[in-house]
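Worksheet: the structure to be examined is printed underneath.
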């Protein structure tokens, strides 16, 4: 809802000239799957796994996007990208597998 007015201002009403059958899949995907369904599934994952593990899902997004782009779009990740992904992956490993002190009684 925030982006749509900005996009219409930048691109004008040319978007509205597109046929509905071209726009409808994008509207359904962006409006339902990305906005509603993804948020619901993420909330359920946090409930099931706990906030500490659930918060690590956000760190997976750049890595998965890079892997998918390399596999399907034949993109070549830069060395800095690979180094960043390695650091993020190591950080996730530390967060997941670190030993936690026993709760005080």
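Just so it is clear, glycine is given a Cβ too, placed from its N, Cα and C backbone atoms.
Per TrEMBL, the features are as follows:
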DOMAIN    20-94  domain 'EamA'
TRANSMEM  20-41  transmembrane segment
TRANSMEM  48-72  transmembrane segment
TRANSMEM  78-97  transmembrane segment
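Sequence-distant contacts of the transmembrane segment (78-97) (same chain, six or more residues past either end, CB-CB distance under 8 Å): 52-53, 56, 59-60, 62-63, 66. Taking Cβ pairs closer than 8 Å, the transmembrane segment (20-41) reaches no residue in its own chain that is 6 or more past its ends.
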